[in-house]
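These notes are about the structure you will find just below.
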Amino acid sequence: METVSKIDQQNQAKIWKQIYGFAESLVLKCAVQLEIAETLHNNVKPMSLSELASKLPVAQPVNEDRLFRIMRYLVHMELFKIDATTQKYSLAPPAKYLLRGWEKSMVDSILCINDKDFLAPWHHLGDGLTGNCDAFEKALGKSIWVYMSVNPEKNQLFNAAMACDTRLVTSALANECKSIFSDGISTLVDVGGGTGTAVKAISKAFPDIKCTIYDLPHVIADSPEIPNITKISGDMFKSIPSADAIFMKCILHDWNDDECIQILKRCKEALPKGGKVIIVDVVIDMDSTHPYAKIRLTLDLDMMLNTGGKERTKEEWKTLFDAAGFASHKVTQISAVQSVIEAYPY
């Protein structure tokens, strides 16, 4: 009888892990929906399985055998810990990002990305190799932009996830990139500013800057009123309000190269001499060993599936700026998945 070598076992194990790669995402979503992290956090002290089961915000009684198996998997994912002696559960360090109500919570991103509709395009990954239809449209019958405009619940879920990511990024911006916003900027337009999470943080950190949110009408209609922030609806492909700085966080990655060049040209038209575009977007580096290196590649596929856009390398960014007639640009890495790119048209 032929035996399987250790190397073959490792190779098979790698494929099995990838076959069930979805499991970690959906177990993570389950943990958020069950509020396991909040329950353990609010209890302060570690909890036994029975104690945890009795406090979960679900119909009682809880099937403790099934909860045990979910917790066993979550412990293996290193999100929670179990004491070998007391058999009581507590939070592992990454679990703090599963807690709601603080600026670095990742709960909204977890719920959105693992929503069945937003997962559906991934089942059409190969379909995009032929034809011009994006996987999102194949899966859900509409482009992502039309879909959002006619599905308010999904639009809110999506906006909450974008705000979640923006809070992570703006925390890094405020701490690491003050000079970018304090260098002769008195007015700033956040193009594609959504619900205003980014511009609110910018305005708080730099109160002398007059800030404006610019987005599509249905987005502006759902965005909250923010003190000292102006809201304008419109189409960035047609025009952009004038300002000393134009801020775009995760906007250009939604679009193909020709569309990005068009947007950048509208930016150039809106900027005075000395003005700049502040772009917060992924910069792919295939030689990087950074912890975010793989997620940046995942986001590239996500853009390909959902919008027909892409994440770009430094060389690809330079090509866009050159084609749009920009004079220079500078890339700054920050402690986030995205980098900051300052692009100067003059």
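Placed from the backbone N, Cα and C atoms, the Cβ positions cover glycine too.
Matching ASP115, ASP117, ASP302 to the substrate binding residues that Swiss-Prot gives (ASP165, CYS250, ILE251, LEU252, HIS253, ASP254) identifies ASP302.
Binding of S-adenosyl-L-methionine is attributed by Swiss-Prot to MET162, THR166, GLY192, ASP215, ASP235, MET236, and within the candidate set LYS142, LYS178, LYS204, LYS249 the record adds LYS249 to that site. The Cβ neighbour count for ILE251 (substrate binding site), using a 10 Å radius and every protein chain shown, is 22. Listed in chain order, the extra residues whose Cβ falls within 8 Å of the Cβ center of the substrate site residues ASP165, CYS250, ILE251, LEU252, HIS253, ASP254, ASP302 are LYS249, ASP281, VAL282, MET303, THR307, GLY309. For MET236 (S-adenosyl-L-methionine binding site), the nearest neighbour among the binding-site residues CYS250, ILE251, HIS253, ASP254, ASP302, judged by Cα separation, is ILE251. When Cα-Cα distances from THR166 (S-adenosyl-L-methionine binding site) are compared across the binding-site residues ILE251, LEU252, HIS253, the shortest belongs to ILE251.
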